[in-house]
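Now, the feature entries from TrEMBL:
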BINDING   Gly37, Lys38, Gly39, Gly40, Val41, Gly42, Lys43, Ser44  ATP binding site
Amino acid sequence: MITEQENQEQKLAYMQQDIIITKRMDQIKHKIAVMSGKGGVGKSTMAVNIAASFANKGYKTGILDVDIHGPNVPKMLKIGKIGLKVNEEGILPVEAGENLKVMSSQFLLSDENSPIIWRGPKKTAAIRQFLSDVSWGNLDILIIDCPPGTGDEHLAILQSIPSIDGIIMVTTPHTVSLDDVEKSINMAKSLKIRLLGIIENMSGLICPECETEIPIFGNGGGSEIASKTETQLLGAVPIEVSPKEHNGLLIENKESKTSEKILKIVAKIENMVLNNGST
């Protein structure tokens, strides 16, 4: 049991950390969280491709991977084992190409296959440490790849970041995924955070022979949940057989339908957030 003095010291440290986080985030013009109701829907893939697309457009972009139990962003961006650099400003994010900076809990592990077995308070503390210690510098946009579901980590992220522009929800047409993403949407609404829209990933399989889209997980689920929750469907992204090795960077195959769909989604986000809805 902690003493009253220890309790006051913890509160003071928390407040001081909040001040540091606010100063860090003030250097970033726009902040967008990418969430999903459950794992396995391609949330991290969408987050990486959205971030890379903004970087390709010339925006100074960061992607923060706070999916503590499944930090896949470095692998998707083909970043191998790397030692983090620190200067007087703090921990420096990894440069993943022109205009793109990356920070992930994966960089803190000595072995990428080591599991992270933490309780809620420790995960919350780690996320707040990320937000306070990483020196992004001036960015146009920060994409935050959140863990799936709803829980302590999400509260830590959404309540600690001031002036977050909104949340993008990723789902698949599968009934279970749609049920779970509705819970995440309700959480965002309860926190009074703007919902930018829903991405329906794996909307169908593009036949490599005839290019017909086959709805292998169902049809129209993204539109239905968008209508039910009074938000917009940003787009539906199909699965496509590709001869090219892309890891998670689908936009590298510029001729694919998948790349085309993602770039249209990014254009919508750009118009809503960076251009303030102007046409």
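Glycine is treated like the rest: Cβ placed from N, Cα and C.
A TrEMBL annotation is a machine prediction, not a hand-curated record.
Recorded features from TrEMBL, shown on the structure.
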residue: Gly37; record: ATP binding site; Cβ contacts under 8 Å, 6 or more apart: Pro148, Gly149, Thr150, Met169, Thr171, Ser177, Leu178, Asp179, Asp180, Val181, Glu182, Lys183, Ser184
residue: Lys38; record: ATP binding site; Cβ contacts under 8 Å, 6 or more apart: Pro148, Gly149, Val176, Ser177, Asp180, Val181
residue: Gly39; record: ATP binding site; Cβ contacts under 8 Å, 6 or more apart: Gly70, Pro148, Gly149
residue: Gly40; record: ATP binding site; Cβ contacts under 8 Å, 6 or more apart: Pro148
residue: Val41; record: ATP binding site; Cβ contacts under 8 Å, 6 or more apart: Pro148, Val170, Thr171, Thr172, Ser177, Asn201, Met202
residue: Gly42; record: ATP binding site; Cβ contacts under 8 Å, 6 or more apart: Val170, Thr172, Asn201, Met202, Val237
residue: Lys43; record: ATP binding site; Cβ contacts under 8 Å, 6 or more apart: Val34, Met35, Ser36, Asp67, Asp145, Cys146, Pro148, Val170, Asn201
residue: Ser44; record: ATP binding site; Cβ contacts under 8 Å, 6 or more apart: Asp65, Asp67, Gly70, Asn72, Val73, Met76, Asp145, Gly248
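Following the DSSP three-state reduction, the secondary structure of Ser44 (ATP binding site) is helix. Within 8 A of the CB centroid of the ATP site residues Gly37, Lys38, Gly39, Gly40, Val41, Gly42, Lys43, Ser44, the other residues of that chain are Ser36, Pro148, Val170, Thr172, Ser177, Asn201. The DSSP secondary structure for Gly37 (ATP binding site) is coil.
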